[in-house]
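**Student:** The structure follows.
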Amino acid sequence: MSNKVIYAIYNDDDILMDAVKQTRAAHHHIEEVFTPFPVHGLDKAMGLAPTRLAICSFIYGCIGISFATWMMNFIMIQDWPQDIGGKPSFSYIENMPAFVPIMFEMTVFFAAHLMVITFYMRSKLWPFKQAENPDVRTTDDHFLMEVAVNNNEEELVSFFTNTGAIEVKVIEKH
Amino acid sequence: MYTFSSKLKTFSFILMALGLLGIGYGFLTAPKDIQEVEKILAADSHGGHVEVKHEVSSESVAAHAVVADHKEVDLAVEGTEATTALEGHNEVAAATETHVAVVDNHNEVNEAAEHEEHLTHVLHQMQNKPWAALYVACIFFLLISMGVLAFYAIQQVASAGWSPVLFRVMQGITAYLPWGSVIFFVFLILCGLHFNHLFIWLDPEVVAHDKLIATKTGYLNFPFWIARAAIFLIGWNLYRYYSAKNCLAQDESNDDSFYKKNFNISAGFLVFFIVTESIMSWDWIMSIDPHWFSTLFGWYVFASFFVSGITMIAMVTLYLKSKGYLEHVNTSHIHDLAKFMFGFSVFWTYLWFSQFMLIWYANIPEEITYFITRIELYNLPFFGAVVMNFVFPILILVNTDFKRITWILVMAGVVILAGHYIDFFNMIMPGTVGDSWFIGISEIASVLFFMGLFIYVVFTALAKSPLLPKRNPYIEESKHFHY
């Protein structure tokens, strides 16, 4: 019985946002919302904890700039010093302006790639993974809210019909 | 409706009065002849090193520094950065001392003439100093209001939905533009009448002995220069006037025709602005060093005053909010302004570094002198500006929550505005006062005077019209703007 869930399907993101707020106000537990595109402010409306991805991104950026510093020092100063444009090549700090673009690019590279990988891992996504969308229309133009049912099926169905859902289904989830 | 509180009004008058006193003091105490300069230099030089530094011209100090640097590298001394710097310093001193000794031994007569020439040179620098201090503050506040005007025009053209609740604040700040323009234009005319020597190419005596400037006289001559300034200032002021007028008329209108008119003139203004802004930066700032040129200078100046303008919008908005006005401005608006402050600080750094790195790498004598002068003689303000305009804002404003906290924003804003004042100081002072620079009474008083005038004009203008453009077609979206 506890595996029963309701699928309330909407065809407009504004109606969905209002429905999410009403559902939260009525203290029904929203399991998940499936949308074809990112709906602005939906995470706050659902009451999800703020993302910590930004902190990860900052740390990855720091790793990137450190790596670039080490790398340029190894390549251009220690391993194979070269005379480029008459610049003395035995000191990292004196050549530093030339390495700033590389340090910048490495920071961006590390932050961007590691952040995407982190995001995929946290979202449990990987290549060739089967889609988890309960309804294929959520990849096109419909929005689906999944809500847990606790012996209040009737009440919930009428509640969601009133929130503007175009379709309300009760599903036995496995 | 906002009412200009008498407290703030008194404060602005005090600033102006203090500023005028300090400016007057700066002009009165500027040395009149080379005897006075000699006394000042003698009083300044307690140690032998300072005297040596004054004996030789700044260029030869720079040249010796480069030589000393090379020696350092050849020796490839391992050690901490501090010791290397210190040793480099000693080498410069040693090298310059030898140089002076050589001059002493070989050519005493020549030295006396050289000494007098040097004193005259320093005299001109010291006489320029109060003028240059006034000029930096004057152009800085003028360009802040220009930065706000450009930001406002971009909001109009982009049909931005978030910002209409801030339009009246922006219009209030740009109300300083006519005042700033008039004072600035009078200043330029005084330069043309040889009251000062900020622009050496205005002096026919200098041009006659300078081939490089002589070839530029087709562009750098007083009539053409002042005509360009007049066209730019009139063009900007016309846009400001009509745009503010249409915005007020839109409040009482029955349709969106005034809004559409504003859209059109804003688009036209932005085209006019981006061309005139570049030329303005060459005319009013880059031509102070008439031998030197940089192709991205216009962008660099733009970035500096654009971020200052946005910071000023944030500061005025926070002030009005703290007094209980602007009830429709919520934390999301403040957050967006803070994001712009952060973003354009990085943009400024990008241009600062782009200009620096290319010139540093190419190391061509006619270009590199610009940075040699600044690094040798203006080391603290030159690198201090980077810390204040880049390191500090990026560290403090990178945090999302900090962008909504008033006191942090005010602190960051004050540092950014001070940092960009120093940036303009770095652009203008080396070419006008050389190594006789100092942030003293003249500089601070000039800033105080223009700040007082700015506060007075801006808040008087804010009190004249309602703070909400109530019939702007995007006003509902703006009121409910939520990030």
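Yeah, the Cβs are placed from backbone N, Cα and C, and that goes for glycine too.
Heads up, TrEMBL stuff is auto-annotated, nobody curated it.
TrEMBL feature annotations, pasted as is:
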type	residues	note
TRANSMEM	B:131-154	transmembrane segment
TRANSMEM	B:175-202	transmembrane segment
TRANSMEM	B:222-242	transmembrane segment
TRANSMEM	B:263-285	transmembrane segment
TRANSMEM	B:297-320	transmembrane segment
TRANSMEM	B:340-360	transmembrane segment
TRANSMEM	B:380-398	transmembrane segment
TRANSMEM	B:405-422	transmembrane segment
TRANSMEM	B:437-462	transmembrane segment
**Student:** Which one of these stretches, B:131-154, B:175-202, B:263-285, B:437-462, has the most C-beta pairs shorter than 8 Å to the transmembrane segment (B:405-422)?
**Tutor:** B:131-154
**Student:** Which of B:131-154, B:175-202, B:222-242, B:297-320, B:340-360 has the most Cβ pairs closer than 8 Å to the transmembrane segment (B:263-285)?
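**Tutor:** Per the Cβ under 8 Å count, B:222-242.
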**Student:** Mind checking which residues of the chain, 6+ beyond the ends of the transmembrane segment (B:437-462), have their Cβ under 8 Å from one of its Cβ atoms?
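**Tutor:** For the transmembrane segment (B:437-462), the list is 2, 4, 8-9, 11-23, 25-27, 129-130, 133-134, 136-138, 140-141, 144-145, 168-169, 171-173, 175-176, 179-180, 316, 320, 377-378, 381, 421, 425, 429-430.
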**Student:** With CB pairs under 8 Å as the measure, which of the listed stretches B:222-242, B:297-320, B:340-360 comes out on top against the transmembrane segment (B:175-202)?
**Tutor:** B:222-242
**Student:** Six or more residues beyond either end and a Cβ under 8 Å away: which residues meet both conditions relative to the transmembrane segment (B:131-154)?
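**Tutor:** Non-local partners: 23, 26, 160, 167, 170-171, 173-177, 180-181, 183-184, 187, 195-196, 198, 236, 239-240, 243, 266, 269-270, 273, 277, 284-285, 301, 304-310, 312-313, 420-421, 424-425, 428-429, 432-433, 442-443, 445-447, 449-451, 453-454.
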**Student:** If you count every Cβ pair below 8 Å, which range out of B:222-242, B:297-320, B:380-398 shares the most with the transmembrane segment (B:340-360)?
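**Tutor:** Per the Cβ under 8 Å count, B:297-320.
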